[in-house]
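The structure appears right after this line, and notes come after that.
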Amino acid sequence: MLYHLLYPLASDYKLFNVFKYLTFRSIYAMITALLLAFIVGPWVVRKLEALQARQVIRTDGPESHLKKQGTPTMGGVLILVCIVLPTLLWADLKNVFIWLTLLIIVGYGVLGFVDDYKKVVEKNPKGLSPRQKMFWQMLLAAGVGIFLFYLPGFSTELYLPFFKRVHPELGILFIPFVMLVIVGASNAVNLTDGLDGLAIGPVAINAATYLLFCYIAGNAKLSGYLQIPYVPGAGELAVLCGAMVGAGLGFLWYNSYPAEVFMGDVGSLSLGGALGTLAVLTKQEILLVIVGGVFVVEALSVIFQVGSYKYRGKRIFRMAPIHHHFELKGVAEPKIIVRFWIITIILALVAISTLKMR
């Protein structure tokens, strides 16, 4: 909004020339999101408490979690507001990639909100059925995949980190691949959101990493020099990534151990979907497996646990997702959280290093 209102004035007032720079708008989208979280956060927490939107803790989980009973959830509403508003304020709203990503963020957010509302406000422990959630997740992701498939100039090739000449053409398989990336990322973040700050920390780190890749992918010279796919318009997504980083850090202010509020499905589903969409739009889908390694391991631990118990009658872990396994082994919750953050930072550095390893 500000880009369209103020940048045209640059011809008369040189000060407004800064609005053409992605770096400027990305930084201020981040700052705006962070300040918005600080200002609105306490009010959101109070409203959630007034709605009795309190987390129900599993009795079969670690005993240390029982003290979390009654902590407000659905705090992802704050995250969504702190992403969407700064993005609308600082981004170029003529950019179709911005709207595609916001579609997933808001769409998955609404889906998560309905599920959370049924569980914690209407006291329906089942919420939405897994089939219902999967149907809507896949439908929204399919919409993105179909749109991109028919978007003139958008490549349906798969690019691999470390290999500059290996990029197989997916053709029509690009659509189910997009669905796999977006839905998979959404559910992986959802599974990771089991400890205070465990999911939002890596999400912010992932968003910061993709901010860099969005900027490079949208710059013809930089992308050519670093030999990554050039995606015209992708650079504008750096503004949205900046808002995600700011919103993540702002929410972490309240979600750090011991948490004052949980994000709920409204936050985890939308954030994961956003990361998946960013990966697709920048042609860095495989990179998400690296920088989002914590999410991948969390999801795989559940898949392996369920598969092993179903076919072998034995569990691999004491409890899945894997962060609960470490809890039951006696590792303190804050230590697990910080270690997972450290791992994510290392993986982010590895992902960034692929820019020069091709």
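Here the Cβ of each residue, glycine as well, is placed from N, Cα and C on the backbone.
What Swiss-Prot records for 24-44 (among others) is transmembrane segment, and it gives sequence analysis as the kind of evidence.
Here Swiss-Prot flags 73-93 (among others) as transmembrane segment. Tertiary neighbourhood of the transmembrane segment (73-93): same-chain residues 1-4, 25-26, 28-30, 32-34, 36-37, 40-41, 44-45, 48, 53-55, 99, 102, 105-106, 109, 112-113, 116-117, 120, 200, 236, 239-240, 242-244, 246-248, 250-251, 254-255, 261-268, 270-271, 274, selected by CB-CB distance under 8 Å and a gap of 6+ residues from either end.
Residues or ranges marked as transmembrane segment by Swiss-Prot on the basis of sequence analysis: 95-115 (among others). Under 8 Å from some Cβ of the transmembrane segment (95-115) lie the Cβ atoms of residues 74, 76-77, 80, 83-84, 87, 127-128, 133, 136-137, 140-141, 143-144, 147-148, 151, 182, 186, 233-234, 236-237, 239-240, 264-274, 276-278, 281, all in the same chain and six or more residues away from its ends.
Residues 96, 100, 103-104, 107-108, 111, 172, 174-179, 181-183, 186-187, 231-232, 269, 273, 276-277, 280-281 of the same chain sit 6 or more residues outside the transmembrane segment (134-154) yet have a Cβ under 8 Å from a Cβ within it. The feature transmembrane segment is assigned by Swiss-Prot to 134-154 (among others).
Sequence annotations record features per position, and here Swiss-Prot assigns transmembrane segment to 169-189 (among others) based on sequence analysis.
The transmembrane segment feature in Swiss-Prot is assigned to 197-217 (among others).
Residues annotated as transmembrane segment in Swiss-Prot: 233-253 (among others). Note on the transmembrane segment (233-253): residues 22-23, 25-38, 41, 75, 78-79, 82-84, 86-87, 90-92, 95-98, 101-102, 197, 200-201, 203-204, 207-208, 210-212, 214-215, 217-219, 263, 267, 271, 274, 278, 281-282 of its chain, located 6 or more positions outside it, place their CB under 8 angstroms from a CB of the stretch.
According to Swiss-Prot, the feature transmembrane segment maps to 261-281 (among others).
The transmembrane segment feature in Swiss-Prot is assigned to 286-306 (among others).
Annotated transmembrane segment per Swiss-Prot: 335-355 (among others), in sequence order, evidence recorded as sequence analysis.
Counting same-chain residues at least six beyond the ends of the transmembrane segment (261-281), those with a Cβ under 8 angstroms from any Cβ of the stretch are 44-45, 48, 55, 71-80, 83, 97, 100-101, 104-109, 111-113, 115-116, 120, 127, 133, 137, 140-141, 144-145, 148, 178, 181-190, 192-193, 199-200, 203, 206-207, 210, 214, 231, 234, 237, 240-241, 244, 248, 251, 254-255, 287-288, 292, 295. Long-range contacts of the transmembrane segment (169-189) within the same chain, counting only residues at least 6 positions beyond its ends with a Cβ under 8 Å from a Cβ of the stretch, are 104, 108, 134, 137-138, 140-142, 144-146, 148-149, 156-158, 199, 203, 268-273, 275-277, 279-280, 285, 288, 292, 295-296, 298-299.
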